[in-house]
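Reviewing the structure listed below.
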Amino acid sequence: MAEFLPPPECPVFEPSWEEFADPFAFIHKIRPIAEQTGICKVRPPPDWQPPFACDVDKLHFTPRIQRLNELEAQTRVKLNFLDQIAKFWELQGCTLKIPHVERKILDLFQLNRLVAEEGGFDVVCKERKWTKIATRMGFAPGKAVGSHIRAHYERILYPYNLFQSGASLLCLQKPDLTSDTKDKEYKPHDIPQRQSVQPSESCPPARRAKRLRAEATNIKTESDSPEVRTHNLRRRMGCAPPKCENEKETYSAVKLAEKREHAGEQERDKAKARSKKPTSAVDLYVCLLCGSGNDEDRLLLCDGCDDSYHTFCLIPPLHDVPKGDWRCPQCLAQECNKPQEAFGFEQAARDYTLRTFGEMADAFKSDYFNMPVHMVPTELVEKEFWRLVSTIEEDVTVEYGADIASKEFGSGFPVRDGKFKVRPEEEEYLDSGWNLNNMPVMEQSVLAHITADICGMKLPWLYVGMCFSSFCWHIEDHWSYSINYLHWGEPKTWYGAPGYAAEQLEDVMKKLAPELFESQPDLLHQLVTIMNPNTLMAHGVPVYRTNQCAGEFVITFPRAYHSGFNQGFNFAEAVNFCTVDWLPLGRQCIEHYRLLSRYCVFSHDEMICKMASKADILDVVVASTVQKDMAIMIDDEKMLREKVQKLGVTDSERVAFELFPDDERQCYKCKTTCFMSAVYCPCKPGLLVCLYHVEDLCSCPTYQYKLGYRYTLEELYPMMNALKMRAESYNEWASNVNEALEAKISNKRSLISFKALIEESELKKFPDNDLLRHLRLVTQDADKCASVAQQLLNGKRQTRYRSGGGKCPNQLTVNELRLFVRQLYALPCVLSQTPLLKDLLDRVEAFQQQSQKLLSEEMPSAAELQELLDVSFDFDVDLPQLAELRVRLEQARWLEDVQMASAEQNSLTLDDMRRLIDSGVGLAPYPAVEKAMAKLQELLTVSEHWDDKARNLIKARPRQSLSSLVVAVKEIEEIPAYLPSGAALKDAVQKAQDWLQEVEALQVGGRVPVLDTLVELVTRGRSIPVHLDYLPRLESLVAEVQAWKECAANTFLCENSPYSLLEVLCPRCDIGTLGLKRKQKKLKEPMPSGKKRSTKLESLSDLERALSESKDTASAMATLGEARLKEMEALRSLRAANEGKVLCSEEDAELKVCVCQKEPAAPMIQCELCRGFFHTGCVSVPHALQGPRVWLCPQCRRSEKPPLEKILPLLASLQRIRVRLPEGDALRYMIERTVNWQHRAQQMLYSGNLKLLQDKVGSGLLYNRWQSTAGPLPETNKVSQTIGAMSFSMPHDWDNRTIYLHSPFSTGQQCIPLHVVSTELDELMMEAQLLQVSLPEIQELYQILFTKQSPSLQAEQKPSVGPSNEKSECCRGKKDGMSYMERKLKRRFERESFCDEKRARVRKMRTPKKKKLKLSHTKDVSSSSRMERERERLLEAQRSSESHLVPSDTSFSEQEDSEDEDAICPAVTCLQPEGEEVDWVQCDGSCNQWFHQVCVGISPEMAEKEDYICASCAGKGSPYRK
């Protein structure tokens, strides 16, 4: 089967609220469009949502059962045919099984039709057309299908066709219909047996099993009662087992057979029982063909009539006794020739409520499509529906709750006095015309004149649908309109054909399914047959479709066939209505019903007469239409009564037919409801006929008939005349209208009287004819004239000057005003505004005369023009002079604007010129305006040229020189206008000149420029769009400074350091805080008076500001020196406070230590600088295997502390740059501070106090307060904090110091309490830790102070200072060979030329002065080469010290040149040798000091061959470098 193609959509209307207010007016409006499609859909306004008024719990109904494939006309014909074939073979004891051909069920109906079309079985066989028939049936050619089809036809269909043709079947051998095991058993539908009268026990709407079965089953169909059940109605599908003789005899004795009487004289539909056979045993066993009773075992007994036949007497003879029921040839013909009964729906056995039906419907749909009901597409349901109705292989049964009376269960719309209580906001739906309870009885509906409550027509019917439940092709009763509203639920799919195609649709269905119409001529009126819209469209029938959703109306028009089905569970309500235009169609429908013998729902003539009896209140149009229809009715009635009278019916009487029930006054022949007249005979009381069928009443003579009439003809004419009078009642009104329209000036009526005539027409509902339309038009014109006149009298001009000077669309010209006044006088009615407008016209004409006089002058003044314009404001009339007056006024004002704009020098901008030119262009030509325009245009051209040129000069790349820009500025200054780009260019030139002056002033001063000044100049110079010669040099200088700062930061700053370079180089300003974001609590010990903790940001910013503001280096050094003093003082106070925490009692709850600011808890570690205590779990501590080291806390560890040789190149490069910056001053001060410290440290080393201090340390005097030994420091997973030069390796006995065990300040490592030994040494070591430079003197001091071993042991322990030696080795850098050799030769020469006197020898030794690590470096020697030589000497000193076992506890630092005459050996353990021959050796490291050879253990040979590096220079590397 081809896929279903949806027909085109019908029109969909969406009325506005105004259109929706009157349903009949709206339907009348859309009728020309919707009639062309038969159906249409109406979507109410969105806010129109009536409440659902049905009682869901109380509404119950019994639905109809619908088997889908029995609804379609062509499918039902096939099923009826197959049922006849099955019945034919069943009566002969065989079961029909439909064969398969090419794995497809053979369509027996199509095969039978095609063979008949080709001429019958004999012709097809003779002409060999079986292959052609197979091809027409869709089988592929060339597979010998034709022979198979012939065999099946000959076996199954040929005997049936012979029987239908009347041939005797006695000679036919019964074929073996059950031999083919592949055939499918056919299950008859028993369609005629399923009537709506007797509902079955249970028939749920579920998908049934396929009709075609592989195995035979015994299926029985129960008849009405067991007493009248017969074998021929049982239609058993399988062969029953043979019955025993006793059972057959008993059954045959009581069996009855139905026999239909065909004689014309007997009454219809009266069945008679077949007369019973004699019960003689001889008669029961006698063959009717041979008359013999012999061979009883071969004697067949008919299951229908109990006649007996020998098997061998039948032609051809039967070899065996049939196993199933067997009918003789007479019974077979009797059963098969019974007329087919009409098809109808049967009622379901179950009663449903809305809830139970909905549950069943949703379950069916979801199970069928295997998805939720709301997810099934409507297109899928539509295609599946038309597939199911067209197949005979699948039975799908559904139920439909149709035609449920709303009178019994209540309408879905709210009604007055109903059980449903509406809310106040819902009361509008009670009286709405779209409420289906109101529409049929509205005044515009002719059904309102029918008093009876006709269900479905005047009273709505309710419809509860489920998926696939359908309504078949039909037209409404009496060809009326219908309207259907879907209250809720899933959509309803509609199909409709227009009314003009109704007969065409009927002809197509009769053509395609003639068998159905033979038994039911009015089949399409039974609502039991559908046909695929595609089939109808293929035969030329126009069909349209739509999906009606919840809240939408569907309207069908007169005689428009429509059908459809439901997409799922829903609830709809429908009713009929008839408009005036339906009346002619209604009479035509009655004639059509008479031909079909169809019952009428109401009497059309009765309705016409009732309307005629109310002629005085009928609408004029309705009265006119009813009068025309009544005229036809009277003519027909007059003709029919004359005909009856000619037939001999003379007796008559008046009968009130409207008092009889409709079924008691129906014509016996055509079923028409009689009202005007009827004929009846005394022989058949209660039986009557209409005047069309008098001859069909009975066989009595016609003079015995009696004519019953409702009205005499004399009574009918006055009724018609009343309608006519009603239709003509507005003649008087029309006369009044004509008189008013044609009245003279003196007799004219007022506008109010005209409106009264219109109101009268509306009140009496006069037809909308030309006269009424003309009256409305005249009245509307007069009303408009009155409104305009009042506006002209009351209104003034809305604006003083209208743009463009054009006419306002609503304004009248003077001529129009003059014509309008004339029109007012010409109106059929009188207006009160007419004389007032005449006065207005006079004043306007006076204004025109004055304007013309003023405009004729050569140059009117602006004041006069304005005064005249002010007068015109009182006239709401378009005056032609106003435009010219405004033009003159605009010209005068424009010239004034030009003069004001040019009054001041350089006040005229480009925008002003453009604005004036733009406004002047719109002015009318005038000499003064044109001259001013020319000047402005010339000035604008020049100004734009120079403005663009100035803009280009500013944006030029590369930038223009200052001299060229100065020339351009001079040119621009000569233009009498303000140029934005010119002003910008002038400003740029001025800025460039100022900038150059500042740069030149900076050069002239001779001072070293400050970095901030340079950065500010560079920033300003980049923003000036002028080529500046000095700018690249300044940018290069700033870039060098930035590069220097980055190099310095890489040298000093630790990785991810929180400190800036300036913070590291300057003296500390944050001493006393832990650098935390939150403010810490003060310790109990008071700070020194006048000292206050300050935040790092404030102090650093103050110091940086002071450095930036300093005029020269000297003032900067002074500032930094002051900061150093504050640093030292603050650190001393902090150390004292931290040391004092040890003496605090354990009960002191406010005592907080460490970065976590919590109470002390062992183990702890103490910072060497600030003497603060820290939990070993809060900070990174050295690993136990690394030995004791000097440890600094995170606050005191600020930089990498590079060695001095790394810092000196930075200072040298800074001097080359010659730019002052705070970081440079800080670096100079740090180096100067370092050198000063070195000098103090050397003095301490050279003095004899160190020996005494070393003895004190060795005797343990410093640790007499420690009482016990602490365990080793617990290991931690944190990385050991080796803080540059601060992580010194301590002697091996450092861990053997005693510490206070029971104190919470028990530490793994504590600081050296030097303040107990020497305040000077404590100050020196404290400042050593503050220095951000690695110095060998620091390590030397620690080694001297804390080494207790003898010199021999010290020499043995020298390798323990491996890191220092290794670092010293690494400190050897590149070395200038020539300078090194020159120094060696010079030293040898000096040693040979020593004089005997020590002083002279020492002076000669010091004559070649060595380089000093001071700020006053000589310029002839570069710092970089000096550092390379010092690095090489360090390496040589290291090798020398390793070979000679130089003691590691001795360290020397470089000393400044002294003018002292006495030479001093810097060795700490100087032996002070006496004599003239004392040998000296000079250190080849960085210090260049002279030592006694005997004091340092060097022989003369070694001094000649090897380089000597003192212990101080050899120790600069490892401990101090990271």
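FYI, residue positions are counted from 1 along the chain as it appears here.
Yeah, the Cβs are placed from backbone N, Cα and C, and that goes for glycine too.
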Site-mate of H474, E476 for Fe cation in Swiss-Prot, selected among H374, H562, H592: H562
Listed range which Swiss-Prot flags as zinc finger, given the options 80-130, 284-334: 284-334
Mean per-residue pLDDT computed across the domain 'JmjC' (428-594): 89
Remaining residues near the recorded Fe cation site, that is with C-beta within 8 Å of the centroid of the site residues H474, E476, H562: W473, I475, S482, T556, A560, Y561, S563
Other CB atoms within 10 A, centred on H562 (Fe cation binding site): 24
Same-chain residues at least 6 beyond the ends of the domain 'JmjN' (10-51) whose Cβ lies under 8 Å from its Cβ atoms: 413-414, 420, 422-423, 426, 429, 432-435, 439, 442, 444-445, 481, 494, 496-499, 501, 542, 544-546, 548, 551-557, 560-562, 579, 581
Number of other Cβ atoms within 10 Å of the Cβ of E476 (Fe cation binding site) across all protein chains: 23
Number of Cβ atoms other than its own within 10 Å, given for H474 (Fe cation binding site): 17
Collapsed DSSP category at E476 (Fe cation binding site): coil
The zinc finger (1462-1516) - residue tally per DSSP class, helix then strand then coil: 14 helix, 6 strand, 35 coil
DSSP-derived class (H/G/I helix, E/B strand, else coil) of H562 (Fe cation binding site): strand
